[in-house]
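Peer 1: Feature table excerpt (TrEMBL):
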type     : residues                  : note
BINDING  : 269-273, 310-317, 408-410 : FAD binding site
COMPBIAS : 526-537                   : compositional bias 'Basic and acidic residues'
COMPBIAS : 538-549                   : compositional bias 'Basic residues'
DOMAIN   : 17-155                    : domain 'Photolyase/cryptochrome alpha/beta'
REGION   : 526-549                   : region 'Disordered'
SITE     : 341                       : site 'Electron transfer via tryptophanyl radical'
SITE     : 395                       : site 'Electron transfer via tryptophanyl radical'
SITE     : 418                       : site 'Electron transfer via tryptophanyl radical'
(Lines of atoms letter the chains of each structure in order from A and count residues from 1; the text may use other names and numbers.)
(Lines give C-alpha, C1' and ligand atoms only; values in the text may rest on other atoms or scores of the structure.)
Protein backbone atom coordinates (compact mmCIF):
# COMPACT_ATOMS: atom_id res chain seq x y z
CA UNK A 1 0.00 0.00 0.00
CA UNK A 2 0.98 3.63 -0.31
CA UNK A 3 0.29 6.03 2.56
CA UNK A 4 -1.84 9.01 1.46
CA UNK A 5 0.30 12.06 0.85
CA UNK A 6 3.57 10.15 0.27
CA UNK A 7 5.30 11.16 -2.96
CA UNK A 8 5.67 8.45 -5.63
CA UNK A 9 8.82 6.30 -5.65
CA UNK A 10 10.63 8.52 -8.15
CA UNK A 11 11.06 11.24 -5.51
CA UNK A 12 12.24 8.89 -2.76
CA UNK A 13 15.69 9.16 -1.26
CA UNK A 14 18.27 6.85 -2.76
CA UNK A 15 18.25 3.27 -1.53
CA UNK A 16 20.67 2.33 1.20
CA UNK A 17 20.52 5.55 3.23
CA UNK A 18 19.83 6.05 6.95
CA UNK A 19 16.48 7.55 7.95
CA UNK A 20 15.20 9.04 11.19
CA UNK A 21 11.56 9.38 12.20
CA UNK A 22 11.07 11.90 14.99
CA UNK A 23 7.99 11.07 17.06
CA UNK A 24 6.27 13.89 19.00
CA UNK A 25 2.58 13.22 18.58
CA UNK A 26 1.54 10.62 16.02
CA UNK A 27 2.45 7.84 18.49
CA UNK A 28 1.11 5.06 16.29
CA UNK A 29 1.86 2.63 13.48
CA UNK A 30 -1.44 2.91 11.59
CA UNK A 31 -1.99 5.87 9.26
CA UNK A 32 1.49 7.24 9.84
CA UNK A 33 2.74 8.70 6.54
CA UNK A 34 5.99 9.89 8.11
CA UNK A 35 6.80 6.35 9.26
CA UNK A 36 5.90 4.83 5.90
CA UNK A 37 8.08 7.29 4.03
CA UNK A 38 10.99 6.93 6.45
CA UNK A 39 10.93 3.14 6.08
CA UNK A 40 10.90 3.05 2.30
CA UNK A 41 14.28 2.58 0.65
CA UNK A 42 16.24 2.85 3.90
CA UNK A 43 18.97 0.52 5.10
CA UNK A 44 18.62 1.66 8.71
CA UNK A 45 15.69 3.40 10.40
CA UNK A 46 16.04 5.30 13.70
CA UNK A 47 12.67 5.86 15.45
CA UNK A 48 13.33 8.63 17.99
CA UNK A 49 11.41 10.23 20.86
CA UNK A 50 13.04 13.02 22.88
CA UNK A 51 12.01 13.56 26.50
CA UNK A 52 11.73 17.34 26.62
CA UNK A 53 12.50 18.83 30.07
CA UNK A 54 10.00 21.61 29.27
CA UNK A 55 7.18 19.08 29.61
CA UNK A 56 8.65 16.23 31.63
CA UNK A 57 10.98 17.57 34.34
CA UNK A 58 9.41 17.52 37.86
CA UNK A 59 8.35 20.88 39.29
CA UNK A 60 7.96 20.73 43.09
CA UNK A 61 6.44 24.24 43.15
CA UNK A 62 3.43 23.32 40.96
CA UNK A 63 -0.01 23.00 42.57
CA UNK A 64 -0.26 19.31 41.66
CA UNK A 65 2.30 16.53 41.03
CA UNK A 66 3.92 16.86 37.64
CA UNK A 67 6.12 19.19 35.61
CA UNK A 68 5.52 22.91 35.25
CA UNK A 69 3.42 22.20 32.13
CA UNK A 70 1.75 18.83 32.69
CA UNK A 71 0.17 16.95 35.55
CA UNK A 72 1.22 13.43 36.47
CA UNK A 73 -1.80 11.81 34.79
CA UNK A 74 -0.85 13.18 31.37
CA UNK A 75 2.82 12.34 31.83
CA UNK A 76 1.88 8.78 32.78
CA UNK A 77 -0.47 8.54 29.77
CA UNK A 78 2.37 9.66 27.50
CA UNK A 79 4.80 7.12 28.96
CA UNK A 80 2.24 4.34 28.50
CA UNK A 81 1.78 5.47 24.89
CA UNK A 82 5.53 5.40 24.31
CA UNK A 83 5.84 1.93 25.85
CA UNK A 84 3.05 0.68 23.58
CA UNK A 85 4.68 2.29 20.53
CA UNK A 86 7.98 0.63 21.44
CA UNK A 87 6.24 -2.75 21.70
CA UNK A 88 4.52 -2.30 18.32
CA UNK A 89 7.78 -1.22 16.69
CA UNK A 90 9.51 -4.31 18.09
CA UNK A 91 6.87 -6.50 16.43
CA UNK A 92 8.06 -4.99 13.14
CA UNK A 93 11.74 -5.59 13.86
CA UNK A 94 12.51 -2.13 15.17
CA UNK A 95 12.37 -0.29 18.53
CA UNK A 96 11.88 3.18 19.98
CA UNK A 97 15.04 5.12 20.75
CA UNK A 98 14.38 7.40 23.72
CA UNK A 99 16.74 10.29 24.50
CA UNK A 100 16.56 13.16 26.98
CA UNK A 101 17.36 16.84 26.50
CA UNK A 102 16.49 19.97 24.57
CA UNK A 103 14.91 18.47 21.42
CA UNK A 104 16.87 20.37 18.76
CA UNK A 105 20.22 19.77 20.49
CA UNK A 106 19.48 16.05 20.77
CA UNK A 107 18.22 15.80 17.21
CA UNK A 108 21.20 17.65 15.68
CA UNK A 109 23.56 15.24 17.42
CA UNK A 110 21.63 12.19 16.20
CA UNK A 111 21.42 13.47 12.62
CA UNK A 112 25.16 14.01 12.54
CA UNK A 113 26.33 10.92 14.42
CA UNK A 114 24.07 8.51 12.55
CA UNK A 115 24.73 10.02 9.09
CA UNK A 116 21.02 10.55 8.50
CA UNK A 117 19.99 11.31 4.92
CA UNK A 118 16.21 11.40 5.41
CA UNK A 119 14.39 13.05 8.32
CA UNK A 120 10.64 12.50 8.76
CA UNK A 121 8.24 13.98 11.31
CA UNK A 122 4.53 14.74 11.43
CA UNK A 123 3.62 18.36 10.85
CA UNK A 124 2.55 20.17 14.05
CA UNK A 125 0.57 23.42 14.16
CA UNK A 126 1.44 24.44 17.76
CA UNK A 127 3.68 27.53 18.02
CA UNK A 128 6.21 25.70 20.22
CA UNK A 129 6.69 22.93 17.66
CA UNK A 130 6.58 25.37 14.75
CA UNK A 131 9.57 27.12 16.34
CA UNK A 132 11.42 23.84 16.93
CA UNK A 133 10.68 22.65 13.41
CA UNK A 134 11.99 25.85 11.84
CA UNK A 135 15.35 25.29 13.57
CA UNK A 136 15.42 21.63 12.56
CA UNK A 137 14.55 22.42 8.94
CA UNK A 138 17.35 25.01 8.68
CA UNK A 139 19.89 22.60 10.14
CA UNK A 140 18.78 19.65 7.98
CA UNK A 141 18.64 21.72 4.81
CA UNK A 142 22.16 23.05 5.41
CA UNK A 143 23.35 19.49 6.00
CA UNK A 144 21.75 18.21 2.78
CA UNK A 145 19.24 16.04 4.64
CA UNK A 146 15.92 15.33 2.92
CA UNK A 147 12.89 16.39 5.02
CA UNK A 148 9.40 14.92 4.87
CA UNK A 149 6.79 16.43 7.21
CA UNK A 150 3.26 15.37 6.24
CA UNK A 151 -0.01 16.66 7.70
CA UNK A 152 -1.66 13.66 9.38
CA UNK A 153 -2.68 14.87 12.85
CA UNK A 154 -5.76 16.58 11.39
CA UNK A 155 -8.29 15.76 8.68
CA UNK A 156 -7.24 18.71 6.54
CA UNK A 157 -4.15 20.85 6.09
CA UNK A 158 -4.94 24.08 7.99
CA UNK A 159 -2.73 26.06 5.59
CA UNK A 160 -4.82 24.87 2.62
CA UNK A 161 -8.06 25.97 4.28
CA UNK A 162 -6.60 29.38 5.13
CA UNK A 163 -5.35 29.81 1.55
CA UNK A 164 -8.83 28.93 0.22
CA UNK A 165 -10.26 31.60 2.52
CA UNK A 166 -8.10 34.39 1.13
CA UNK A 167 -5.24 34.10 3.60
CA UNK A 168 -7.17 34.15 6.86
CA UNK A 169 -8.84 31.36 8.85
CA UNK A 170 -12.62 30.94 8.52
CA UNK A 171 -14.44 32.63 11.40
CA UNK A 172 -17.28 30.14 11.78
CA UNK A 173 -17.67 26.37 11.82
CA UNK A 174 -20.15 26.53 8.94
CA UNK A 175 -17.76 28.45 6.70
CA UNK A 176 -14.96 26.04 7.62
CA UNK A 177 -17.03 22.98 6.67
CA UNK A 178 -18.05 24.58 3.37
CA UNK A 179 -14.44 25.43 2.52
CA UNK A 180 -13.04 22.07 3.60
CA UNK A 181 -15.37 19.84 1.62
CA UNK A 182 -14.54 16.14 1.46
CA UNK A 183 -11.05 15.01 2.60
CA UNK A 184 -8.77 14.07 -0.30
CA UNK A 185 -7.74 10.80 1.37
CA UNK A 186 -11.30 9.61 2.05
CA UNK A 187 -11.10 6.51 -0.15
CA UNK A 188 -7.57 5.54 0.90
CA UNK A 189 -6.66 2.58 3.07
CA UNK A 190 -5.29 4.08 6.25
CA UNK A 191 -4.55 0.99 8.34
CA UNK A 192 -0.90 0.08 7.90
CA UNK A 193 0.00 -3.25 6.35
CA UNK A 194 3.66 -2.86 7.32
CA UNK A 195 4.99 -6.27 8.32
CA UNK A 196 8.60 -5.25 8.66
CA UNK A 197 10.66 -2.12 9.26
CA UNK A 198 14.36 -1.58 8.51
CA UNK A 199 16.44 -2.44 11.54
CA UNK A 200 17.94 0.21 13.80
CA UNK A 201 21.52 1.01 12.84
CA UNK A 202 24.50 1.60 15.10
CA UNK A 203 23.56 4.24 17.69
CA UNK A 204 27.18 5.13 18.43
CA UNK A 205 27.70 7.26 21.54
CA UNK A 206 24.18 8.72 21.67
CA UNK A 207 22.77 8.05 25.18
CA UNK A 208 19.75 5.88 24.33
CA UNK A 209 17.45 4.82 27.18
CA UNK A 210 14.39 2.62 27.50
CA UNK A 211 10.97 4.25 27.96
CA UNK A 212 11.32 5.47 31.56
CA UNK A 213 8.93 4.88 34.43
CA UNK A 214 7.36 7.68 36.46
CA UNK A 215 9.90 7.04 39.20
CA UNK A 216 12.83 7.13 36.77
CA UNK A 217 11.71 10.61 35.71
CA UNK A 218 11.94 11.71 39.34
CA UNK A 219 8.28 11.48 40.37
CA UNK A 220 6.78 9.65 43.30
CA UNK A 221 4.26 7.03 42.24
CA UNK A 222 0.68 7.58 43.38
CA UNK A 223 -1.95 5.10 44.62
CA UNK A 224 -3.93 3.38 41.86
CA UNK A 225 -7.20 5.00 42.91
CA UNK A 226 -5.60 8.44 42.45
CA UNK A 227 -4.67 7.73 38.82
CA UNK A 228 -6.69 8.15 35.66
CA UNK A 229 -8.55 4.96 34.64
CA UNK A 230 -7.63 5.62 31.00
CA UNK A 231 -4.43 3.92 29.84
CA UNK A 232 -2.31 5.35 27.06
CA UNK A 233 -1.26 3.80 23.77
CA UNK A 234 -2.28 2.94 20.22
CA UNK A 235 -3.40 -0.56 21.20
CA UNK A 236 -5.79 0.72 23.87
CA UNK A 237 -6.96 3.56 21.62
CA UNK A 238 -7.82 1.22 18.74
CA UNK A 239 -9.56 -1.15 21.17
CA UNK A 240 -11.66 1.73 22.49
CA UNK A 241 -12.41 2.92 18.94
CA UNK A 242 -13.53 -0.56 17.88
CA UNK A 243 -15.76 -0.92 20.94
CA UNK A 244 -17.38 2.47 20.22
CA UNK A 245 -17.99 1.64 16.55
CA UNK A 246 -19.62 -1.70 17.44
CA UNK A 247 -22.47 0.23 19.05
CA UNK A 248 -23.78 1.33 15.66
CA UNK A 249 -27.04 2.80 16.94
CA UNK A 250 -25.16 4.98 19.45
CA UNK A 251 -22.74 6.21 16.76
CA UNK A 252 -25.59 6.98 14.34
CA UNK A 253 -27.64 8.85 16.95
CA UNK A 254 -24.80 10.74 18.66
CA UNK A 255 -25.81 14.35 19.28
CA UNK A 256 -23.30 16.69 20.95
CA UNK A 257 -25.63 18.84 23.07
CA UNK A 258 -26.97 15.67 24.65
CA UNK A 259 -25.23 13.15 26.88
CA UNK A 260 -25.00 12.69 30.64
CA UNK A 261 -22.12 14.64 32.23
CA UNK A 262 -22.66 12.82 35.54
CA UNK A 263 -22.11 9.35 34.06
CA UNK A 264 -18.80 8.07 35.42
CA UNK A 265 -19.06 4.27 35.65
CA UNK A 266 -19.48 4.22 31.87
CA UNK A 267 -18.72 7.67 30.40
CA UNK A 268 -21.29 8.93 27.90
CA UNK A 269 -18.69 9.57 25.17
CA UNK A 270 -15.99 7.60 23.36
CA UNK A 271 -13.19 9.03 25.60
CA UNK A 272 -10.99 9.00 22.49
CA UNK A 273 -9.86 12.61 22.97
CA UNK A 274 -6.56 11.77 24.76
CA UNK A 275 -5.74 9.19 22.07
CA UNK A 276 -6.39 11.79 19.37
CA UNK A 277 -4.34 14.38 21.30
CA UNK A 278 -1.25 12.17 21.34
CA UNK A 279 -1.97 10.71 17.91
CA UNK A 280 -2.35 7.17 19.29
CA UNK A 281 -5.48 7.03 17.14
CA UNK A 282 -5.60 8.72 13.76
CA UNK A 283 -8.44 11.25 13.41
CA UNK A 284 -8.55 10.31 9.71
CA UNK A 285 -9.07 6.63 10.49
CA UNK A 286 -11.68 7.57 13.11
CA UNK A 287 -13.46 9.64 10.45
CA UNK A 288 -13.52 6.68 8.06
CA UNK A 289 -14.86 4.35 10.77
CA UNK A 290 -17.76 6.71 11.52
CA UNK A 291 -18.55 7.03 7.81
CA UNK A 292 -18.63 3.24 7.49
CA UNK A 293 -21.18 2.99 10.32
CA UNK A 294 -23.30 5.79 8.83
CA UNK A 295 -23.35 4.17 5.39
CA UNK A 296 -24.99 1.11 6.92
CA UNK A 297 -27.59 3.04 8.93
CA UNK A 298 -30.89 4.25 7.50
CA UNK A 299 -30.79 7.40 9.60
CA UNK A 300 -28.06 9.26 11.45
CA UNK A 301 -27.30 12.69 12.89
CA UNK A 302 -25.31 15.23 10.88
CA UNK A 303 -22.65 17.87 11.58
CA UNK A 304 -22.26 19.94 13.66
CA UNK A 305 -23.87 17.72 16.34
CA UNK A 306 -22.90 14.26 15.00
CA UNK A 307 -19.78 12.31 15.96
CA UNK A 308 -18.36 13.15 12.53
CA UNK A 309 -19.18 16.78 13.28
CA UNK A 310 -17.02 16.63 16.41
CA UNK A 311 -13.96 15.72 14.35
CA UNK A 312 -14.74 18.67 12.07
CA UNK A 313 -14.96 20.94 15.13
CA UNK A 314 -11.49 19.72 16.08
CA UNK A 315 -10.12 20.66 12.65
CA UNK A 316 -11.93 24.01 12.71
CA UNK A 317 -10.27 24.93 16.00
CA UNK A 318 -6.87 23.74 14.75
CA UNK A 319 -7.23 25.89 11.63
CA UNK A 320 -8.29 29.04 13.49
CA UNK A 321 -5.53 28.53 16.06
CA UNK A 322 -2.91 28.03 13.33
CA UNK A 323 -3.94 31.19 11.50
CA UNK A 324 -4.48 33.53 14.47
CA UNK A 325 -1.48 35.23 16.12
CA UNK A 326 -1.59 35.22 19.93
CA UNK A 327 -4.43 32.71 19.89
CA UNK A 328 -3.62 31.64 23.46
CA UNK A 329 -4.16 35.05 25.05
CA UNK A 330 -6.68 37.89 25.17
CA UNK A 331 -4.25 40.71 24.45
CA UNK A 332 -3.38 41.27 20.78
CA UNK A 333 -5.71 38.44 19.77
CA UNK A 334 -7.88 39.81 16.96
CA UNK A 335 -10.72 37.29 17.42
CA UNK A 336 -10.93 37.69 21.22
CA UNK A 337 -13.11 40.29 22.90
CA UNK A 338 -11.28 42.49 25.40
CA UNK A 339 -12.95 42.04 28.79
CA UNK A 340 -11.83 43.34 32.23
CA UNK A 341 -11.53 39.94 33.88
CA UNK A 342 -10.47 39.68 37.52
CA UNK A 343 -7.13 38.31 38.59
CA UNK A 344 -8.23 36.79 41.90
CA UNK A 345 -5.88 34.09 43.16
CA UNK A 346 -8.15 33.13 46.07
CA UNK A 347 -11.21 32.52 43.89
CA UNK A 348 -9.06 30.72 41.30
CA UNK A 349 -7.59 28.42 43.98
CA UNK A 350 -11.04 27.69 45.43
CA UNK A 351 -12.25 26.65 41.95
CA UNK A 352 -9.08 24.73 41.09
CA UNK A 353 -8.97 22.86 44.40
CA UNK A 354 -12.70 21.95 44.50
CA UNK A 355 -13.52 24.38 47.35
CA UNK A 356 -16.20 26.62 45.83
CA UNK A 357 -18.95 25.28 48.10
CA UNK A 358 -21.03 24.26 45.06
CA UNK A 359 -20.92 20.41 45.09
CA UNK A 360 -21.65 20.01 41.36
CA UNK A 361 -18.74 22.30 40.43
CA UNK A 362 -16.39 20.84 43.04
CA UNK A 363 -17.17 17.23 42.06
CA UNK A 364 -16.27 18.01 38.44
CA UNK A 365 -13.02 19.65 39.48
CA UNK A 366 -12.20 16.66 41.67
CA UNK A 367 -12.83 14.28 38.76
CA UNK A 368 -10.49 16.45 36.67
CA UNK A 369 -7.78 16.24 39.33
CA UNK A 370 -8.13 12.46 39.82
CA UNK A 371 -8.93 11.28 36.30
CA UNK A 372 -7.55 14.04 34.09
CA UNK A 373 -10.81 13.90 32.17
CA UNK A 374 -14.47 14.82 32.44
CA UNK A 375 -17.50 14.97 30.11
CA UNK A 376 -17.65 17.98 27.76
CA UNK A 377 -20.81 19.34 29.43
CA UNK A 378 -19.08 19.12 32.81
CA UNK A 379 -16.18 21.12 31.34
CA UNK A 380 -18.69 23.70 30.09
CA UNK A 381 -20.18 24.06 33.57
CA UNK A 382 -16.94 24.69 35.44
CA UNK A 383 -15.50 26.97 32.73
CA UNK A 384 -18.66 29.07 32.70
CA UNK A 385 -18.68 29.20 36.52
CA UNK A 386 -15.09 30.44 36.71
CA UNK A 387 -15.52 33.11 34.05
CA UNK A 388 -18.76 34.75 32.92
CA UNK A 389 -21.16 32.77 35.11
CA UNK A 390 -20.06 33.53 38.67
CA UNK A 391 -16.44 34.32 39.54
CA UNK A 392 -15.43 36.50 36.56
CA UNK A 393 -11.85 35.21 36.73
CA UNK A 394 -9.76 35.49 33.54
CA UNK A 395 -10.25 32.57 31.14
CA UNK A 396 -6.49 32.29 30.68
CA UNK A 397 -6.19 31.23 34.34
CA UNK A 398 -8.73 28.46 33.90
CA UNK A 399 -7.09 27.44 30.64
CA UNK A 400 -3.80 26.99 32.48
CA UNK A 401 -5.41 24.64 35.03
CA UNK A 402 -7.02 22.55 32.28
CA UNK A 403 -3.76 22.55 30.31
CA UNK A 404 -2.02 21.05 33.28
CA UNK A 405 -4.56 18.51 34.52
CA UNK A 406 -6.30 17.19 31.41
CA UNK A 407 -4.85 14.06 29.82
CA UNK A 408 -6.35 15.26 26.53
CA UNK A 409 -5.13 18.85 26.88
CA UNK A 410 -4.70 20.13 23.36
CA UNK A 411 -3.30 23.63 22.74
CA UNK A 412 -5.71 24.66 19.97
CA UNK A 413 -8.86 23.05 21.37
CA UNK A 414 -8.27 24.05 24.99
CA UNK A 415 -7.76 27.72 24.13
CA UNK A 416 -10.69 27.76 21.70
CA UNK A 417 -13.07 26.21 24.21
CA UNK A 418 -12.07 28.63 26.96
CA UNK A 419 -12.69 31.57 24.66
CA UNK A 420 -16.02 30.00 23.69
CA UNK A 421 -17.19 29.29 27.24
CA UNK A 422 -16.16 32.73 28.50
CA UNK A 423 -18.01 34.35 25.56
CA UNK A 424 -14.75 35.92 24.44
CA UNK A 425 -14.96 34.43 20.94
CA UNK A 426 -17.05 32.08 18.76
CA UNK A 427 -20.10 32.23 21.10
CA UNK A 428 -21.56 35.47 22.45
CA UNK A 429 -24.83 34.67 24.22
CA UNK A 430 -23.45 35.64 27.62
CA UNK A 431 -26.91 35.77 29.22
CA UNK A 432 -27.12 31.97 28.93
CA UNK A 433 -25.32 30.41 31.86
CA UNK A 434 -24.99 26.94 33.37
CA UNK A 435 -26.63 26.76 36.78
CA UNK A 436 -24.16 25.29 39.31
CA UNK A 437 -27.16 23.77 41.10
CA UNK A 438 -30.00 22.75 38.80
CA UNK A 439 -27.98 21.70 35.72
CA UNK A 440 -26.38 18.68 37.42
CA UNK A 441 -29.57 17.84 39.33
CA UNK A 442 -31.38 17.35 36.01
CA UNK A 443 -29.09 14.43 35.12
CA UNK A 444 -28.37 13.02 38.56
CA UNK A 445 -31.11 13.93 41.08
CA UNK A 446 -29.73 11.52 43.68
CA UNK A 447 -26.27 13.11 43.50
CA UNK A 448 -24.36 9.86 42.89
CA UNK A 449 -21.69 11.72 40.92
CA UNK A 450 -21.15 14.14 43.80
CA UNK A 451 -21.02 11.26 46.32
CA UNK A 452 -18.37 9.55 44.17
CA UNK A 453 -15.99 12.47 43.86
CA UNK A 454 -16.82 14.35 47.09
CA UNK A 455 -17.13 11.54 49.66
CA UNK A 456 -17.48 14.11 52.46
CA UNK A 457 -21.03 14.60 51.14
CA UNK A 458 -21.85 10.91 50.64
CA UNK A 459 -24.38 10.85 53.51
CA UNK A 460 -26.07 14.14 52.66
CA UNK A 461 -29.75 13.57 51.71
CA UNK A 462 -30.50 14.07 48.02
CA UNK A 463 -32.78 17.00 48.88
CA UNK A 464 -29.72 18.98 50.02
CA UNK A 465 -26.75 17.47 48.20
CA UNK A 466 -26.66 20.18 45.50
CA UNK A 467 -27.19 22.96 48.08
CA UNK A 468 -25.84 21.57 51.36
CA UNK A 469 -25.68 25.04 52.95
CA UNK A 470 -29.49 24.98 53.05
CA UNK A 471 -29.61 21.79 55.11
CA UNK A 472 -30.76 22.26 58.75
CA UNK A 473 -27.97 21.77 61.27
CA UNK A 474 -29.54 18.52 62.45
CA UNK A 475 -29.26 17.12 58.91
CA UNK A 476 -25.64 18.30 58.61
CA UNK A 477 -24.75 16.65 61.92
CA UNK A 478 -26.42 13.39 60.87
CA UNK A 479 -24.58 13.50 57.51
CA UNK A 480 -21.29 14.13 59.35
CA UNK A 481 -20.69 17.21 57.20
CA UNK A 482 -20.91 20.63 58.81
CA UNK A 483 -20.98 23.37 56.17
CA UNK A 484 -18.24 25.89 56.81
CA UNK A 485 -16.19 23.29 58.67
CA UNK A 486 -16.14 19.95 56.83
CA UNK A 487 -17.19 21.40 53.47
CA UNK A 488 -16.97 25.09 52.50
CA UNK A 489 -19.77 27.58 52.26
CA UNK A 490 -20.42 28.92 48.73
CA UNK A 491 -17.77 31.44 47.67
CA UNK A 492 -20.45 33.60 46.02
CA UNK A 493 -24.20 34.07 45.93
CA UNK A 494 -24.90 32.58 42.51
CA UNK A 495 -27.93 34.71 41.66
CA UNK A 496 -26.21 37.95 42.59
CA UNK A 497 -22.83 37.03 41.07
CA UNK A 498 -24.28 35.95 37.73
CA UNK A 499 -26.20 39.23 37.39
CA UNK A 500 -23.04 41.22 38.10
CA UNK A 501 -21.10 39.18 35.56
CA UNK A 502 -23.68 39.81 32.87
CA UNK A 503 -23.78 43.52 33.53
CA UNK A 504 -20.04 44.01 33.11
CA UNK A 505 -20.06 41.78 30.02
CA UNK A 506 -22.82 43.93 28.58
CA UNK A 507 -20.72 47.04 29.16
CA UNK A 508 -17.56 45.37 27.82
CA UNK A 509 -19.36 44.27 24.64
CA UNK A 510 -20.66 47.80 24.12
CA UNK A 511 -17.16 49.23 24.56
CA UNK A 512 -15.65 46.63 22.20
CA UNK A 513 -18.28 47.57 19.64
CA UNK A 514 -17.70 51.30 20.00
CA UNK A 515 -13.89 51.03 19.86
CA UNK A 516 -13.94 48.24 17.25
CA UNK A 517 -12.04 45.92 19.59
CA UNK A 518 -9.13 48.33 20.06
CA UNK A 519 -9.34 48.61 23.84
CA UNK A 520 -6.29 49.68 25.80
CA UNK A 521 -5.26 48.45 29.22
CA UNK A 522 -6.50 51.79 30.56
CA UNK A 523 -9.92 51.25 28.96
CA UNK A 524 -10.23 47.88 30.67
CA UNK A 525 -9.05 49.26 34.01
CA UNK A 526 -11.59 52.12 33.83
CA UNK A 527 -14.39 49.66 33.09
CA UNK A 528 -13.24 47.44 35.95
CA UNK A 529 -13.19 50.38 38.37
CA UNK A 530 -16.58 51.60 37.22
CA UNK A 531 -18.04 48.17 37.87
CA UNK A 532 -16.50 48.00 41.34
CA UNK A 533 -17.90 51.42 42.24
CA UNK A 534 -21.44 50.57 41.24
CA UNK A 535 -22.26 46.90 40.74
CA UNK A 536 -25.97 47.54 40.35
CA UNK A 537 -27.05 47.62 36.68
CA UNK A 538 -28.95 50.75 35.61
CA UNK A 539 -32.71 50.17 35.52
CA UNK A 540 -32.84 51.06 31.86
CA UNK A 541 -30.31 48.38 31.01
CA UNK A 542 -31.35 45.45 33.19
CA UNK A 543 -30.72 42.25 31.31
CA UNK A 544 -32.88 39.21 30.98
CA UNK A 545 -31.15 36.23 32.56
CA UNK A 546 -31.45 32.79 31.05
CA UNK A 547 -30.11 29.99 33.21
CA UNK A 548 -29.30 26.69 31.53
CA UNK A 549 -30.90 24.07 33.71
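In case you wondered, yes, glycine gets a Cβ from its N, Cα and C as well.
Mind mapping these onto the model and telling me what they sit next to?
Peer 2: Counted within 10 Å of its Cβ, the other Cβ atoms near residue 315 (FAD binding site) come to 24, all protein chains included.
If you take the C-beta of residue 395 (site 'Electron transfer via tryptophanyl radical') and look for same-chain residues 6 or more apart in sequence within under 8 angstroms, you find 330, 341, 383, 386, 387, 418, 419, 421, 422, 424.
Just so you know, the Cβ of residue 418 (site 'Electron transfer via tryptophanyl radical') picks up 25 other Cβ atoms within 10 Å once every protein chain is counted.
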Peer 1: Across all the protein chains here, work out how many other Cβ atoms are within 10 Å of the Cβ of residue 271 (FAD binding site).
Peer 2: 19
Peer 1: Counting only residues 6+ apart in the same chain, whose Cβ is under 8 Å from the Cβ of residue 409 (FAD binding site)?
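Peer 2: Those within reach of residue 409 (FAD binding site), by Cβ under 8 Å and sequence separation of 6 or more, are 70, 74, 277, 402, 403.
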Peer 1: List the same-chain residues at least 6 positions away in sequence whose Cβ sits under 8 Å from the Cβ of residue 317 (FAD binding site), in sequence order, or say none.
Peer 2: 412, 413, 416, 417
Peer 1: Provide the three-state DSSP residue tally for the domain 'Photolyase/cryptochrome alpha/beta' (17-155): helix first, then strand, then coil.
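Peer 2: Counting residues per DSSP class in the domain 'Photolyase/cryptochrome alpha/beta' (17-155), I get 57 helix, 33 strand, 49 coil.
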Peer 1: Under 8 Å Cβ-Cβ from residue 313 (FAD binding site), six or more apart in the same chain: what's there?
Peer 2: 173, 304
Peer 1: For the domain 'Photolyase/cryptochrome alpha/beta' (17-155), report the average pLDDT of the model, please.
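Peer 2: Here the predicted model's pLDDT, averaged over the domain 'Photolyase/cryptochrome alpha/beta' (17-155), is 97.
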Peer 1: At a 10 Å cut-off from the C-beta of residue 311 (FAD binding site), count the other C-beta atoms across all protein chains.
Peer 2: 20
